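The block underneath contains the structure these notes are about, expressed in structure tokens.
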Amino acid sequence: MEKYLEKTKVLIEALPYIKKFYGKTIVIKYGGHAMVSDQLKEAVINDLVLMKFVGINPVVVHGGGPEISRMLNKLNIKSNFINGLRVTDEATLEVVEMVLVGKVNKEIVGLIEKAGGKAVGLSGKDAGLIKAHKKLAKNPEPTGEEYLDLGYVGEISEVNPEILLTLIDKGYIPVVAPVGSNGSGEFYNINADEVAAEVAVALKADKLIVLTDTPGILLNEKDENSLLSKATIAEVKELINRGVIRGGMIPKAESAISAIKRGVGSVHIIDGRIAHSLLLEIFTDAGVGTMLTP
């Protein structure tokens, strides 16, 4: 009997959140170990489908770093990173597009369909969704040039959400691969955290949720108990300046700051290694990970 009462408590706890977010759009940046483990994949997909069935509009922007790295290794193409961003030459760009658009995107769509949902996969090149231009990275070294060329790495100029709004209206879960175009035939690899943030802004999303391989933002990266459960954008900026936030967490934090400044209600950086972390973050009082607010 107790286990049934426990299930009832879970449903009752979720009810006010279901009411609160009914009809709202939530953008999910899907990446990290949750894309590698079959068990976690299944949990994420089921979370997305459940969200849709209770009236929330999830929009997925996915990464694919581990898959890209594996394919590049197979082809003996070296990977280099600057400030957490992959340097992308022409050969790397071909692999990035093949993996993100041709493999990862289609797999996610197939899993959503298998779980009973409806999904459409697209990249930023489709229907003029993401316009981009070349991105330069600030040189992390004190000597040499101030900015470094990252190759075919893009910075977003504009997001046209029309195709996403149409898909949402028709009951589909849009699944977006982070590749964009400059409108003149050149394509760019774009950091998925940046794409998720810009899509969230364009859709006026209530939340942006970022799945990571850490519990959230840590004050000491060697201590998972040093989790910062809530933070303002001013506090996050200070942590970046102090070097507490670094590496791959920098683009996540900077994208979160940008999204909140331009109207996204809150950004949640959560532990994608926990099964059903999406549901725990949205539908429970405690939540998981770090919540960033204005």
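Even glycines carry a Cβ here, placed using N, Cα and C.
Because the structure is a prediction, the values reported are computed rather than measured.
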Per Swiss-Prot, which of ARG86, ARG242 sits in the substrate site along with GLY64, GLY65, ASN189?
ARG86
Within 8 Å of the centroid of the Cβ atoms of GLY64, GLY65, ARG86, ASN189, which other residues of that chain place their own Cβ, given that this set defines the recorded substrate site?
GLY63, ILE68, SER69, VAL96, VAL99, LEU100, PRO178, ASN191, ALA192
In whole Å, note down how far the CA of LYS29 (site 'Transition state stabilizer') lies from the CA of ARG86 (substrate binding site).
18
Of the residues named as substrate binders, GLY64, GLY65, ARG86, ASN189, how far apart in Å are the Cα atoms of the most distant pair?
12
Out of GLY64, GLY65, which has the highest number of nearby Cβ atoms, where nearby means within 10 Å of its Cβ, if these are the binding-site residues?
GLY64
Rounded Cα-Cα span from GLY65 (substrate binding site) to LYS29 (site 'Transition state stabilizer'), Å:
13
Among the recorded positions LYS29, ARG86, LYS252, which residue has its Cβ surrounded by the fewest other Cβ atoms within 10 Å?
ARG86
